[in-house]
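Residues or ranges marked as N-acetylserine by Swiss-Prot: S2. Residues or ranges marked as SUMO2 cross-link by Swiss-Prot: K58, K65. Here Swiss-Prot flags S115 as phosphoserine, drawing on similarity to another entry.
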Amino acid sequence: MSAHLQWMVVRNCSSFLIKRNKQTYSTEPNNLKARNSFRYNGLIHRKTVGVEPAADGKGVVVVMKRRSGQRKPATSYVRTTINKNARATLSSIRHMIRKNKYRPDLRMAAIRRASAILRSQKPVVVKRKRTRPTKSS
């Protein structure tokens with residue numbers, strides 16, 4: 001079944017849809033922007049890209065759909081864990097998408113998603129407030 005036909009079926013009646021604040025969001029896997037649109041849908045396309053946080057809380061996991069074996073959902077995804085510094089992680093995601101000519105329209109969305117995940121994994125440094133000495137009169 002073509003992606004366009006699947007989109008016509010799924011676009012208004014999917015278990016992943018969330019409609020609130022006059023906008024429609026989607027919680028499906030491999031939807032990089034969580035937006036209910038044809039381009040970012042993670043279920044209907046033959047090639048999809050997903051970026052998730054790693055299980056141990058350090059790094060990201062890039063999920064890509066295989067071209068072959070589309071009828072076998074258990075083996076249709078390739079998961080690659082990237083546990084490097086931020087610049088190397090974003091660079092390797094960029095190369096995975098660009099060098100393989102794999103959905104170039106999703107490149108920037110995948111990089112931004114990975115950047116947000118890496119930023120959230122950074123430890124937060126608590127700044128101590130400076131207290132002024134009390135005035136004695």
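One-based numbering along the chain as shown.
Even glycines carry a Cβ here, placed using N, Cα and C.
Overlay of Swiss-Prot feature records on the structure.
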| residue | record | DSSP class |
| --- | --- | --- |
| S2 | N-acetylserine | coil |
| K58 | SUMO2 cross-link | coil |
| K65 | SUMO2 cross-link | strand |
| S115 | phosphoserine | helix |
### Task
Output the one of S2, S115 that, of all these modified residues, has the highest number of other Cβ atoms within 10 Å of its Cβ.
S115
#### Entry: Nonlocal neighbours by CB distance (under 8 Å) for K58 (SUMO2 cross-link), same chain, sequence gap 6 or more
N83, Q121
### the residue listed as 'N-acetylserine' versus K65 (SUMO2 cross-link) - Cα distance in angstrom
16
### Task
Please work out the number of neighbouring Cβ atoms within 10 Å of the Cβ of K65 (SUMO2 cross-link), leaving out its own Cβ.
20
### Query
Rounded to a whole number, how many Å is the Cα of S115 (phosphoserine) away from the Cα of the residue listed as 'N-acetylserine'?
32
